[in-house]
Amino acid sequence: EKELTSLEVSLKVEDVQKEIHSLEGKKKILDGTITELNSEMIRLHKQSEVQTKLDMLLDSQKVKEESIERLKVEHEETIESLLGPVPLDDLRERLSTFISTQSESVKQGNSQQKKLQTNLSTKQAEKTSLSGQLRQKEDELRDLDTKLSNVCDSQDLDTEFTEVQRNLTQAQEERGCLLGAEHMIKKYIRGLERNNPTCPLCSRGFQQAQEIRELILKLQEQLRKVPANKRKAEEEMETYQQKYDEIMQLRPVKDAAGNIRERDIPALKSKLKKLDEEIKCLKKDVESKEEECVLMEGDLQTAKSLQPDVVDMDRRRAEVRQLQRDIEELKSSWGEPGGAVSGRAMNEVIAEKEEKQLELETLEKSLELRRTRLSEHQNKMHELKARAQDLQGEKLRIEGELQQRTKLEERRATLTSDITNHQRDIEKAAAQLHPIEANIERLMQEKADITQDKEFMLEKARADVDKVKNHGTGVKNLNTEIKAYLQSGKPAQLDRGQQQQAEIAEQQTLKENMQQEVSSRLQELTEHISGQQVRQRELLDTLELRRKETQIVELEEQIAVLNVKLGDMDLKNLERDRQRLLGLETKLTQQLHNASGRQQGFKEQIRATQKELDSAMYKDANHKYSSKIIENKTTEIVNGDLQKYYGAMDKAIMMYHKSKMEEINIIIRELWKNTYMGNDIETIEIQSEAEDAAAASTIKSRRTYNYRVVMIKNGIPIDMRGRCSAGQKVLASLIIRLALAETFCVNCGVLALDEPTTNLDRSNIESLAFALVRIIRERSTQRHFQLVVITHDEDFVELLGRSEHVDEYIEVSKNHE
């Protein structure tokens, strides 16, 4: 319904119909206009000389306007980018003003750029100076660190100083101990050498003299070791004292290194960082200013390049205005045969007719488009309405099912309540069940008998009813026959028929009485059967009661078993789990429905895609794809073959070029040696270098060559440009042209020389003349050979005249006329 509403809103049918009606009206108007234009064309065909002149003027005006428009279109974007939208009348002055203003802006921009560049150079020089200072400080710090490390190794100076001070104190104490030990040992030895000595430590006497001697020997041994230990202690003390003095001298070095590391280097780095940022900003400013200057210079050059075209446009506009005045004068003097004056030319009418015809075609296309759009809109509306009705029916069906489900749930609650009541009734009827069972069996037997009698009577009644129906059919047939009889006009048959009819009526009355009796009996039997059905229902309910009681007992036993299995499990937790699982089931059901909806959407997409694939655009796509693949592969093979042929052709052309260049250079060397009288240049030749060899490998690009003339000196080729005299240039030019003519113009033997002796000295003029005589002699047998020389040098002509092959001289002079 939303899609239908949006579709109805998206297209207003009444507006489209109004547009169609309006377009049809316009179409009629255009048809009338085209008819009028055809009539006007017929009239204009009768025009003569004036029409021709007018057409010529109009054509000239159109050509000039087109040239103006072409120039305008060609430079419109450039002019708008430079000057903005400017009318043509003011364009020339505005462009001149812009050029002068832009020139001043370019000068100012270049000046600012130079200032920024100077500032940048200053900052870079300052950075270089600071970098040098930083390197100097770092080198100084490394030297100081090296001095400190040489003394302190890898330890800190204070730690090393503390350790050296401790070791020096220990060495001094060791030396003092050794000095005291030497004095004490000597004193002990002297005491032991007396009579009745005692232990110097504990004053205890000795039992044997041997113990005294052993102790004296031990003390003497210790006394002998004292000098060596004392020297060692003194050496260590001197070493530690020296290191202590060195560390004390390094205190200022450490302070200087600390100042450099903590103050000087960070300050220099901070300044360098600040300078780097300033340089970076200046570079950006310089680059932006350079770009700005380049853009301004580009705009200036563009404006200067535009100036000739703008002047040309201005001139042509003046010519167009003059042509317009001429056209107006011609139109004012041009009257039609009927006395009316036509203001248009034939080409204008034709152009207008073509324009109206094009407008008519466009209008017809627009009209057809709107009609198609309206038809498609109506078809889509019908489809959406049909689909909405289908969905509405499905919605009603689902709502009915939902109501049925609600009723069933209510029925379920009612049945649950009935089950509870029945359970109570079952408990009450349990005690009364045994006496009723015998009565039930008896009643069941009576029921069977009555049912059997009822079936027999019903069968008999059905047979009677069928018989009556058959008689009724017979009556209908007789009525048909009576009608046929009446139509046939047979009175005797009518009497018999009436008699038979009376008899049948009596039988019908009897049968109707019998039918009434049977119907009453059938009604009685039906009532009896209904009572039996009620009784049967009661008996079935009783049997169902017994079955339910049995099920209740079984369920109670199962409940007891389950309670035993459950043990201490909480029923509330189980109920919560059941509710959770029910919620999960509901969620999964919802997801299933969502998935089904998405599946339906995908099916719709598949159908739409299949429909699109069945359309003319994608029909036979595999066949078309195969055809295109074959065509593409064929094209690739052809391209490969063309590349091979191109390579072979290029190689052949290169070989041909190489052979021709060798042939030309051979002729040039021979002519040079026979003509040039100097000794400074052995010979000359043409050298060619292939340019853009990589681009020449592709078919689209063309191989180009750079040719240069070189002179050979001592076997070394040297470029002649700027290194030879004017005469050498002229002689080289003549010889090269002679060689080219000798190589390529074999079948066209015309050799024309215009002032060949210009800038040549006398010896080279003679050599050139002799060379030409030799060429004449060699080519004298060739058919069509001609030598034409134009010169003012009579000596050169005389040298040529010595040959017997010169046919004639033509002297050209001028007189007073």
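Glycine residues also receive a Cβ, built from the backbone N, Cα and C atoms like all the rest.
Feature annotations, reproduced from TrEMBL:
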type     : residues       : note
COMPBIAS : 102-134        : compositional bias 'Polar residues'
REGION   : 102-137        : region 'Disordered'
DOMAIN   : 154-252        : domain 'Zinc-hook'
BINDING  : Cys199, Cys202 : Zn(2+) binding site
COILED   : 216-460        : coiled coil
COILED   : 545-591        : coiled coil
At a C-beta cut-off of under 8 Å, are there same-chain residues at least 6 beyond the region 'Disordered' (102-137) that contact it? List them, or none.
260, 264-265, 268-269, 271-272, 275-276, 278-279, 282-283, 285-286, 289-290, 292-293, 296-297, 299-300, 303
Tally every other Cβ atom lying within 10 Å of the Cβ atom of Cys199 (Zn(2+) binding site).
15
Which whole-number mean pLDDT does the model give the domain 'Zinc-hook' (154-252)?
72
For the region 'Disordered' (102-137), give the DSSP counts of helix residues, strand residues and coil residues.
36 helix, 0 strand, 0 coil
